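See below for the structure under consideration.
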Amino acid sequence: MILDLDIGNTLSKWRLKDVVSSEIRSRGAVWTREEWRPGADIPDLDVVTAVRISSVARRAVLDDTVALLRRQVGAVHVARSSREMLGVVNGYEEPGRLGVDRWMGVLAGYQLTGGCCSVDCGSAVTIDFVLPGGRHLGGYIMPGLRLMKESLQLGTRNVAIDPDSEADELLAPGKNTVEAVNHGIFMATVSAVNRLYFEVCDREGVSLPLLLTGGDARVVSRGIRVPHALWPDMVYAGLEACFPLTAAERAGRMSGSPHVPDAVELEKIRIGLAFSMLL
Ligand SMILES: Nc1ncnc2c1ncn2[C@@H]1O[C@H](COP(=O)(O)OP(=O)(O)O)[C@@H](O)[C@H]1O
Ligand SMILES: CC(C)(COP(=O)(O)O)[C@@H](O)C(=O)NCCC(=O)O
Ligand SMILES: [K+]
């Protein structure tokens, strides 16, 4: 069994993947701040033959995790951001400083679409662009929905936005603090994503498919104005592409990859941008 680990600032997500069938056998998540202890929602390491890790947590968290796993598992692969990988050239001046979860998302997105906008809605919301041909432009980092809410300190942190609410409801003026905050942070996030998508596509003269991942992807998806796809396993897919271990992975298949949405005509993007600039 392969253990894939995606250690974010809030949650450490894991999944077990069958080496032979390439099927996902189980999944879970633990708070990144807490130590891994028996009884918590962690995988059984006895069945694990290889581990792949993407981590943006503090260095000590990664070091402790790797030390623990190396004692029990032969092969431990740790992903790093690099200058060039799988046909993509990293847009950062110092490529190693790009968050490795962003790099994994960009690599997976590029493998699937040949050029895209990848958005990761976790503790932070990150928006990255990679053009056809493989040039990564760099991207944007904003506080995620939960961080924005917590920073207001209005006691609304435990009331999450229902991911099934319609965008129209979420755009309405809030009638109480919880609603006002939830609708405000929703608007802040989706307006920024829509606007940056329009801006960059216009500037580069290309219409790109948009891919969304992360704990808040479903909510954010409600307010995205262009065709897009949700890909919960996008970071894991980057690990699969960087360290292919199963037959399917070696053949270039990434698990859970969504149907790629048809990109909108560039002309429509430009009209959308002109319209948003009038407001
Ligand atoms: N059941 C949940 N538990 C925790 N966070 C959740 C849950 N559902 C949605 N979220 C949101 O997802 C975010 C965590 O998403 P995730 O992509 O795992 O972040 P990170 O990679 O930064 O750890 C939280 O900040 C919160 O806004
Ligand atoms: C921007 C991030 C904090 C996002 O992390 P996440 O929300 O997924 O926990 C992470 O990708 C990171 O630490 N990046 C390093 C800085 C950079 O990408 O420029
Ligand atoms: K993120």
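Here the Cβ of each residue, glycine as well, is placed from N, Cα and C on the backbone.
Per TrEMBL, the features are:
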type: ACT_SITE; residues: ASP101; note: active site, proton acceptor
type: BINDING; residues: ASP6, ILE7, GLY8, ASN9, THR10, LEU11, SER12, LYS13, SER123; note: ATP binding site
type: BINDING; residues: TYR92, GLY99, VAL100, ASP101, ARG102, THR177; note: substrate binding site
type: BINDING; residues: ASP120; note: K(+) binding site
Please list, in sequence order, every residue of the chain apart from ASP6, ILE7, GLY8, ASN9, THR10, LEU11, SER12, LYS13, SER123 whose Cβ lies within 8 Å of the Cβ centroid of the ATP site. ALA29, THR32, VAL56, ALA57, GLY122
For GLY8 (ATP binding site), find which of the recorded positions ASP101, ARG102, ASP120, THR177 come within 10 Å, Cα to Cα. ASP101
Among ASP6, ILE7, GLY8, ASN9, THR10, LEU11, SER12, LYS13, SER123, which the record lists as binding ATP, the farthest-apart pair of C-alpha atoms sits at a distance in angstrom of 13
Give the residue from the binding-site residues THR10, SER12 that has the most other Cβ atoms within 10 Å of its Cβ, counting over every protein chain displayed. SER12
For a quick check of packing: other C-beta atoms within 10 Å of the C-beta of THR177 (substrate binding site), how many? 13
By Cα-Cα distance, the member of recorded positions TYR92, ASP101, THR177 nearest ASP6 (ATP binding site): ASP101
List the residues of the same chain that sit at least 6 positions away from ASP101 (active site, proton acceptor) in sequence and have their Cβ under 8 Å from its Cβ, in sequence order, or write 'none'. ASP6, GLY8, SER54, VAL56, ASP120, GLY122, THR126, VAL235
Could you list, ordered by sequence, which of these binding-site residues: GLY8, THR10, SER12, ARG102, ASP120, THR177, have a Cβ under 6 Å from ligand 1? GLY8, THR10
For SER12 (ATP binding site), just give me the three-state DSSP call. strand
Here the Cα-Cα span from SER12 (ATP binding site) to GLY99 (substrate binding site), rounded to a whole number of angstrom, reaches 15
Using CB atoms and a 10 A radius, I'd like the single residue among the binding-site residues ASP6, GLY8, VAL100, SER123 with the highest neighbour count. ASP6
So which of ASP6, THR10, ASP120, THR177, listed as binding-site residues, have a Cβ under 6 Å from an atom of ligand 3? ASP120
Taking only the CA atoms, the spacing between ARG102 (substrate binding site) and SER123 (ATP binding site), expressed in whole angstrom, is 13
